[in-house]
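According to TrEMBL, the features are:
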DOMAIN    B:5-238  domain 'PABS'
BINDING   B:Gln34, B:Glu109, B:Asp140, B:Gly141, B:Pro165  S-methyl-5'-thioadenosine binding site
BINDING   B:His65, B:Asp90, B:Asp158, B:Ser159, B:Thr160, B:Asp161  spermidine binding site
ACT_SITE  B:Asp158  active site, proton acceptor
2 protein chains.
Amino acid sequence: MKLIENWFSERYSENLQLSFRVSDQLLSVKTDYQRIDVFDTYDFGKLLAIDGTVQLTEKDEFVYHEMITMFPFYHMDKPPRKALIIGGGDGGVAGQLIKMGLESVINIEIDNQVVEVCKKYFPDLADSFTSPKVDLRIEDGIKFMKSSAEKFDLIIVDSTDPEGPAEGLFGQDFYRDVKNRINPGGIVVAQSGSPFYQPKALKMAYNSARSVFKHSIVYTAFIPTYPSGFWSFTMSSDSEMKPSGEEIKSGKYFNSSVLKGATQLPEFVKVILSE
Amino acid sequence: MKLIENWFSERYSENLQLSFRVSDQLLSVKTDYQRIDVFDTYDFGKLLAIDGTVQLTEKDEFVYHEMITMFPFYHMDKPPRKALIIGGGDGGVAGQLIKMGLESVINIEIDNQVVEVCKKYFPDLADSFTSPKVDLRIEDGIKFMKSSAEKFDLIIVDSTDPEGPAEGLFGQDFYRDVKNRINPGGIVVAQSGSPFYQPKALKMAYNSARSVFKHSIVYTAFIPTYPSGFWSFTMSSDSEMKPSGEEIKSGKYFNSSVLKGATQLPEFVKVILSE
């Protein structure tokens with residue numbers, strides 16, 4: 001990616017962009033699946049972009065990684081032991097799951113280059129792949145879901161947006177396969193885009209999930225480097241999901257207040273989901 | 001303000017900016033207090049900037065205006081009848097208050113030019129100033145608080161950030177004056193900046209408010225065109241403030257879920273407030 005006067009810009013549309021001043025362009029590589037860029041930014045530390053879209057920065061990755069792991073974790077009747085991650089090639093989700101006491105994590109990433117890049121530039125995150133509890137496999141998550149017979153307590157879909165290789169991860173077929181891989185009482189959670197800029201992605205994830213599972217809950221978090229700063233996640237299960245009444249371990253973003261508040265959706269989000 | 005290739009950029013820091021593509025620059029004027037710009041943007045309709053900072057856009061003003069009015073309204077034991085607005089020269093807050101049934105609104109704006117610009121470019125908002133219930137006065141809000149003996153049920157501080165003319169509105173002296181102007185059971189609410197980029201503004205507003213009032217509550221909302229997309233408000237009273245148990249009128253953002261969820265602060269915000 002070519003920078004204009006040392007600014008990296010993510011285009012939210014043809015008419016809107018967020019720009020980070022960059023001290024160093026560390027990497028720009030085209031893989032079989034996507035373009036990967038790594039920048040050193042002044043305000044957010046190192047930044048990983050895929051196809052021009054910010055995936056994570058050192059300074060605010062904690063919000064996304066806590067919210068996609070701790071939030072479903074504290075909605076389960078008993079602590080999950082075995083988890084599956086689809087995507088997550090940076091290692092951030094796997095690291096959170098290990099920290100939370102998961103015994104076994106299978107991480108299916110389609111693009112080996114994402115893993116290699118993160119090992120080099122985001123070692124604090126990718127370090128989780130050295131854990132004996134994490135089984136990292138480079139393969140297509142959609143195919144894995146169809147071929148494997150393994151079952152999991154918690155399935156986390158940590159994907160890019162529904163353009164490019166991740167599109168299938170937002171569809172009903174995928175959720176049908178997920179259902180076959182989930183233990184009783186288990187939960188599947190997926191990032192489902194910006195309700196403000198990507199209402200279709202949210203609606204697609206939510207409709208796909210609830211056409212297959214008995215219960216689906218949309219929750220949100222504030223992520224400053226994602227489009228609009230407001231992000232959604234969709235969590236589904238055949239069991240009822242209630243916030244834990246037990247003691248909560250706080251992260252830097254997640255805490256017992258967020259556990260209560262994140263499912264309280266603004267009216268325009270409710271309208272998207274009900275349309 | 002000079003545009004670069006028809007993009008208006010708000011600098012969040014030396015190293016970060018959000019940029020809107022502009023179809024027309026409608027106005028750029030330097031007043032006694034500040035610079036006012038009006039742009040027609042492709043994605044957000046007309047946009048009002050003061051000193052280079054987005055104050056409102058046609059597309060997302062509803063979030064800020066609903067949250068600074070409806071949220072405190074539904075924390076009052078009985079419906080407020082008389083309100084005071086400090087700032088609010090666009091008319092958006094006054095309009096919401098009239099819609100909510102307030103009988104009398106005094107609106108103190110320091111800069112007459114803000115009002116004139118908004119009458120011309122944001123008539124849907126500034127139309128509220130034609131209501132016989134709204135008494136618009138062009139004067140310094142800080143001086144008004146000291147000189148007036150009038151009392152109010154609800155005081156709304158709809159100011160710019162604490163650099164420039166609004167600085168005094170974040171201090172303890174101002175809150176002491178506010179306390180003398182508030183009826184028993186009344187509430188004062190102020191915008192208190194982005195917790196992520198402006199933790200000092202939030203801390204200053206919160207500390208000033210709670211050094212004077214018995215109860216202060218910080219709540220947040222998602223506003224896509226404000227820095228980081230995540231905004232705080234600080235609401236104070238000498239009476240306990242509890243969310244209404246009665247039926248709630250929803251706006252486009254505010255609803256009974258937001259009434260419950262907006263006070264559930266992420267851990268990093270709690271840390272700012274407790275430091």
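For all residues, glycine too, the Cβ spot is worked out from N, Cα and C.
Computed from a predicted structure; not experimentally measured.
On the structure: features taken from TrEMBL.
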| residue | record | Cβ contacts under 8 Å, 6 or more apart |
| --- | --- | --- |
| B:Gln34 | S-methyl-5'-thioadenosine binding site | B:Ile50, B:Asp51, B:Asp111, B:Thr160, B:Gly164, B:Pro165 |
| B:Asp90 | spermidine binding site | B:Leu48, B:Gln55, B:Leu56, B:Val114, B:Cys118, B:Phe122, B:Leu125, B:Ala126 |
| B:Glu109 | S-methyl-5'-thioadenosine binding site | B:Gly87, B:Gly88, B:Gly89, B:Val115, B:Leu136, B:Arg137, B:Ile138, B:Gly141 |
| B:Asp140 | S-methyl-5'-thioadenosine binding site | B:Ile108, B:Ile110 |
| B:Asp158 | spermidine binding site | B:Ile68, B:Ile85, B:Ile86, B:Gly87, B:Gly88, B:Gly92, B:Val93, B:Gln191 |
| B:Ser159 | spermidine binding site | B:Ile86, B:Gly87, B:Gly141, B:Ala166, B:Leu169, B:Ala190, B:Gln191 |
| B:Asp161 | spermidine binding site | B:Thr53, B:Gly193, B:Gln198, B:Ala201 |
Of B:Gln34, B:Glu109, B:Asp140, B:Thr160, B:Asp161, chain A-adjacent binding-site residues (C-beta under 8 angstroms): none
PLDDT averaged over the residues of the domain 'PABS' (B:5-238): 96
Residue with minimal Cβ packing [other Cβ atoms within 10 Å] among the binding-site residues B:Gly141, B:Pro165: B:Pro165
Site of maximum Cβ density within 10 Å, from binding-site residues B:His65, B:Thr160: B:His65
In three-state DSSP terms, the structure that B:Ser159 (spermidine binding site) belongs to: coil
Where B:Asp140 (S-methyl-5'-thioadenosine binding site) sits in the secondary structure, as DSSP reduces it to three classes: coil
Shell of the S-methyl-5'-thioadenosine site beyond B:Gln34, B:Glu109, B:Asp140, B:Gly141, B:Pro165, same chain only (C-beta within 8 angstroms of their C-beta centre): B:Tyr33, B:Gly87, B:Ile110, B:Asp111, B:Ser159, B:Ala166
